[in-house]
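*Asks:* Structure in structure tokens, see below.
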Amino acid sequence: MSRKDQPPRWLDRLLERFCTPNLWEEVQGDLHERYQLRIKRTSKTKADWLYFRDIFSYLRPSIFKRRHSPKPVLTDMLRNYFLIAFRNLTRQKAFSVINILGLSVGMACSILILLWVQDELSYDRFHTHADQLYRLTINASGVDAAITPVPTAALLADKLPEIKNTVRLHSDTHILGVGDRKFEEEGIYYADSTFFDVFSFPLVKGDVRTALNRPDGIIITERMAQKYFGQEDALGKTIRKDNQDELVVIGVLADIPSTSHLQFDFILPMSFLARTNYDLKNNNWNNFDFYTYIQLEDKTNTSPTSLANLEKRIGKLIEKNIPLRVDFKLQPVLSIHLNSHLLRDVAGNGNIQYVRIFSVVAVFILIVACINFMNLATARSAKRAKEVGLRKVVGADRIQLIGQFLAESSLISFISLLVAVVLVWLLIPFFNILSDKQLTLNFLDTNLLLIIGAIAITTGLLSGSYPALFLSKFQPIKVLKGNLTIAGGGSWLRNGLVVCQFVVSIIMLVGTTVVYNQLQFIKQRNLGFDKENLLYVQMTGELWSKQQAFKNELKQNPLTQNFAISLDLPTNLATGVVDVFWEGKNPQSQPLFPTMAVDAGFIDIFKMKILSGRSFYPDSKADSASYIVNEKALQIMGMNISNAVGKSLTFGGIKGTIIGVVQDFNFKPIQQSIEPMLMHLNTWGGKVIIRTQPNKTEATIQALESIHKKLNPAYPFTYHFIDQDLANLYKTENRMGDLFNAFAVLAIFISCLGLYGLSAFIAEQRTKEIGVRRVLGASVGNIVYLLSQNFTRLLLLAMVIATPLAWYAANNWLEGFAYRINVDWTIFLISCFTALGIAAITVSYESIKAALKNPVKALRNE
Amino acid sequence: MKGTYLGEFEEVVLLAVAIRSGDAYGAAVTSEIEQQMGRSVNLGAVHSALHRLEEKGLVNSQMGGATAERGGRRKRLYSVTIAGKRALEEIHQLRNQMWESIPKTAWS
């Protein structure tokens with residue numbers, strides 16, 4: 001029959017689509033028969049049309065319904081797989097618990113780390129123009145800093161068409177008060193009126209466009225509105241700044257997201273600062289004290305080369321205004337949180353290194369957990385061998401068996417996932433305390449759900465892959481004959497996996513030890529001064545004008561008489577000058593000298609050591625042109641301790657002499673090495689530092705408070721401790737150390753869980769052997785030795801592999817510190833023996849249990 | 001019982017199966033009905049009626065031979081079961097009984 005008198009094919013295909021398969025043949029046949037009949041009687045077009053109508057008359061449920069179709073074999077088999085999986089789970093409760101516990105703890109760790117990493121990576125992404133935002137940073141004399149001179153922003157905005165907006169920020173501390181309630185507030189920024197164009201901090205009350213136009217306005221966060229005004233509407237209320245300026249609340253901001261690198265509570269207009277600030281009044285190019293943020297035009301090419309080009313043009317524009325050689329850099333705002341460790345940077349930045357370390361840790365922990373599963377599954381394979389044999393005999397092919405075992409591991413993996421999610425939910429509050437974050441498990445976050453799902457599936461497939469391939473390989477005839485010796489084949493891989501696990505565990509142990517030692521080292525390191533028992537008070541308000549009276553009061557009380565007045569503290573010094581000149585200075589070089597303005601008591605109070613010369617004389621105006629330098633400065637200036645004193649030195653245009661050399665001391669976090677230091681006499685004020693007598697700190701504080709109340713009643717009394725300030729510098733390191741410890745413990749726990757399962761299994765397998773040995777006179781010790789020696793060998797191998805890896809990783813981390821511990825062999829020895837000890841305890845528990853069993857019981861049952 | 005109730009169209013289809021006995025498949029039953037009743041009938045409707053009849057146990061079916069005009073596809077041959085025969089007889093009898101109950105005066 002020719003194609004011509006066939007009905008249109010697409011109609012046939014349509015029918016094929018919707019018609020149930022077992023009806024399709026007859027229906028199609030009948031349709032065709034009628035079509036042929038019609039084509040003979042009428043035209044083809046008519047027949048085609050009627051065919052079309054007929055097909056559509058078949059659009060009825062009885063034709064769609066797959067009523068009589070037999071169930072596909074697959075679903076029955078799937079049900080069987082899950083049934084067997086469940087039976088296996090319930091039959092071997094101990095192993096199932098070990099498996100699921102190990103996997104879920106591993107997953108919970110990974111999910112927590114994932115949440116943490118996600119949070120760290122999400123900083124500043126909430127800004128609408130996040131991709132166009134840059135901060136202008138400088139590099140001068142090899143030092144990177146986040147600050148720029150005041151006029152930079154206006155000049156660039158004027159000259160460069162790529163720049164859409166700029167905003168300058170200046171951070172400050174003020175006393176703010178409403179009525180009698182006064183607080184010292186640190187989170188204050190002065191900002192240009194473009195602030196809300198550049199950044200996307202949402203205003204809850206007030207008008208974004210006019211928010212910063214009013215010079216006596218102040219914008220506060222909701223948190224602060226609550227703190228100062230309680231339930232009342234803050235808008236339009238006044239806040240008194242430093243007891244003199246009345247500021248009107250013109251806007252209330254939503255609380256600043258924790259994922260913002262800028263953390264603040266108050267915004268004041270730059271125009272307010274401009275009334276008093278010298279730099280702003282005079283457009284001073286010589287002082288670097290402002291953050292400059294730049295918003296580029298939307299379509300600006302932001303490839304590295306064009307940015308470098310832009311930086312060069314910025315440099316050219318500014319060059320003629322500054323005497324210094326300074327390179328300008330555009331730092332993407334998105335990278336500030338993780339990649340910025342500059343001088344005068346905002347506080348609280350993270351570290352990309354920790355994000356990397358913890359991502360690796362998460363993967364490691366998950367691998368360790370998967371290895372457990374694989375090991376236990378292969379070890380127990382003998383028990384499943386008969387099942388595999390039987391399945392093969394009745395016609396299962398290998399693919400089906402692989403599918404079965406993968407389904408089984410996926411099932412376990414999903415059960416573990418559920419447990420893990422519950423664990424995460426329970427642990428998140430503690431994790432938040434440990435990591436100082438506000439993480440939540442948000443189930444509406446599809447990204448998170450996808451990733452968690454992916455973790456479960458990967459874990460399932462990964463941990464199921466080896467057992468699946470291994471078990472499905474069995475030859476039915478060998479298995480069913482009953483003399484299968486599996487232990488030989490899979491054992492090298494099993495051993496390899498155990499080694500792998502312990503390599504990870506040992507690396508993490510070494511890591512923990514190194515981190516702990518380094519943190520101890522930081523705490524105990526001799527900084528070049530005695531940081532204990534030092535407290536300081538910021539000179540505020542009237543204390544400046546009543547300085548002499550203040551000093552007299554302090555001197556009169558034996559508790560407070562040991563004091564010094566300094567502008568700066570040697571905790572995290574952030575200033576530096578280049579206008580230091582000495583005889584024989586190379587005019588080309590521009591070394592940066594951090595400086596401190598200190599008084600006569602300073603060196604004594606801090607118990608620093610004068611190596612030669614003297615300290616400043618008390619109340620000596622003659623010392624205004626005298627300088628004290630440190631050893632590092634001597635080195636830079638090409639002098640030595642014996643000849644330095646008496647040499648002339650010019651600083652800030654004032655020619656003077658070096659009167660003393662002080663022993664090097666740390667005035668920055670010890671990630672950075674000591675820089676040349678120049679100390680000059682402090683004639684104005686700053687902070688009053690008091691060395692308290694041991695155990696009299698409380699009394700001293702009270703004495704100070706009463707002096708403060710007497711002289712400076714308008715200001716609240718606050719005090720700080722030097723050692724606490726120092727400890728705060730290493731908050732991130734400490735926090736990361738704690739987290740790392742926690743995860744290391746968990747990794748080792750999971751490894752041991754696996755080891756325990758494995759040793760229990762082997763002890764069980766060798767029950768008869770142990771029985772025979774016991775009957776023939778072996779002691780418990782012999783048996784334990786027999787059972788543990790294999791693991792000991794594996795652990796020794798793991799140590800050999802782990803040591804160089806751990807050494808490399810530890811040194812990599814320590815490179816970030818200018819002053820650090822040496823990674824010596826004792827650390828490795830301690831870590832390895834800890835691992836060995838933990839493993840020995842784990843293994844010996846089951847071994848001793850097996851060895852102590854009455855041999856009669858082991859041998860009786862044939 | 002609702003399941004055994006025979007609809008009007010079902011009755012016609014069942015009758016056609018009986019008429020075509022031995023060669024009663026979808027297309028044949030349809031042409032039979034069309035010939036007898038002189039109107040066009042939907043193939044789909046016939047098929048679905050046949051399925052319903054089979055579900056009620058009034059017909060049974062088996063796959064039969066193929067022909068060229070069917071494109072080599074087999075037909076499903078239906079035959080009336082004993083229950084089907086009884087159902088037809090019952091209807092027939094019921095109708096007769098009712099016919100006879102009509103009083104002669106009704107037609108005048």
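Cβ coordinates are placed from backbone N, Cα and C, and glycine is handled just like the others.
Caution: TrEMBL annotation is automatic and unverified by curators.
Copied straight from TrEMBL:
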type     : residues  : note
DOMAIN   : A:96-303  : domain 'MacB-like periplasmic core'
DOMAIN   : A:360-476 : domain 'ABC3 transporter permease C-terminal'
DOMAIN   : A:499-703 : domain 'MacB-like periplasmic core'
DOMAIN   : A:742-854 : domain 'ABC3 transporter permease C-terminal'
TRANSMEM : A:97-117  : transmembrane segment
TRANSMEM : A:354-376 : transmembrane segment
TRANSMEM : A:405-428 : transmembrane segment
TRANSMEM : A:448-471 : transmembrane segment
TRANSMEM : A:492-516 : transmembrane segment
TRANSMEM : A:739-762 : transmembrane segment
TRANSMEM : A:783-807 : transmembrane segment
TRANSMEM : A:827-845 : transmembrane segment
*Asks:* At a C-beta cut-off of under 8 Å, are there same-chain residues at least 6 beyond the transmembrane segment (A:354-376) that contact it? List them, or none.
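*Replies:* Same-chain residues near the transmembrane segment (A:354-376) but 6 or more away: 95, 98-99, 102-103, 105-107, 109-110, 113-114, 116-117, 120-121, 338, 409, 412, 455, 459, 462-467, 494, 497-498, 500-501, 504-505, 508, 732, 736, 739-740, 743, 746-747, 750-751, 753-754, 757-758, 761, 813.
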*Asks:* Same chain, outside the transmembrane segment (A:97-117) by at least 6, Cβ under 8 Å from its Cβ: which residues?
*Replies:* 355, 358-359, 361-363, 365-366, 368-370, 372-373, 376, 412-413, 415-417, 419-421, 423-424, 427-428, 431, 435, 437, 439, 441, 448, 451-452, 455-456, 459, 463, 743, 746-747, 749-750, 753-754, 756-757
*Asks:* Taking a Cβ cut-off under 8 Å, which residues six or more beyond the ends of the transmembrane segment (A:783-807) line up next to it in the same chain?
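*Replies:* Same-chain residues near the transmembrane segment (A:783-807) but 6 or more away: 495, 498-507, 510-511, 755, 759, 762-763, 766, 770, 773-774, 823, 828, 831-832, 835-836, 839-840, 843-844, 846-848, 850-851.
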*Asks:* Would you list the DSSP helix, strand and coil counts for the residues of the domain 'ABC3 transporter permease C-terminal' (A:360-476)?
*Replies:* 98 helix, 0 strand, 19 coil
*Asks:* Let me spell it out: take the transmembrane segment (A:739-762), skip the flanking residues so only those 6+ beyond its ends count, and list any with a Cβ under 8 Å from a Cβ in it.
*Replies:* 94-95, 98-99, 101-102, 105-106, 109, 113, 357-358, 361, 364-365, 368-369, 371-372, 375-376, 379-380, 434-435, 494, 498, 501-502, 504-505, 508-509, 511-512, 515-516, 787-788, 791, 835, 838-839, 842-843, 845-847
*Asks:* Treating G and I as helix alongside H, and B as strand alongside E, what does DSSP give for the domain 'ABC3 transporter permease C-terminal' (A:742-854) in helix, strand and coil?
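*Replies:* Final tally across the stretch: 96 helix, 0 strand, 17 coil.
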*Asks:* Restricting to the same chain and to residues at least six past its boundaries, which positions have a Cβ under 8 Å from a Cβ of the transmembrane segment (A:827-845)?
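*Replies:* Same-chain residues near the transmembrane segment (A:827-845) but 6 or more away: 502, 505-506, 509-510, 512-514, 517, 748, 752, 755-756, 759, 784, 787-788, 791-792, 795, 798-799, 802-803, 806-807, 810.
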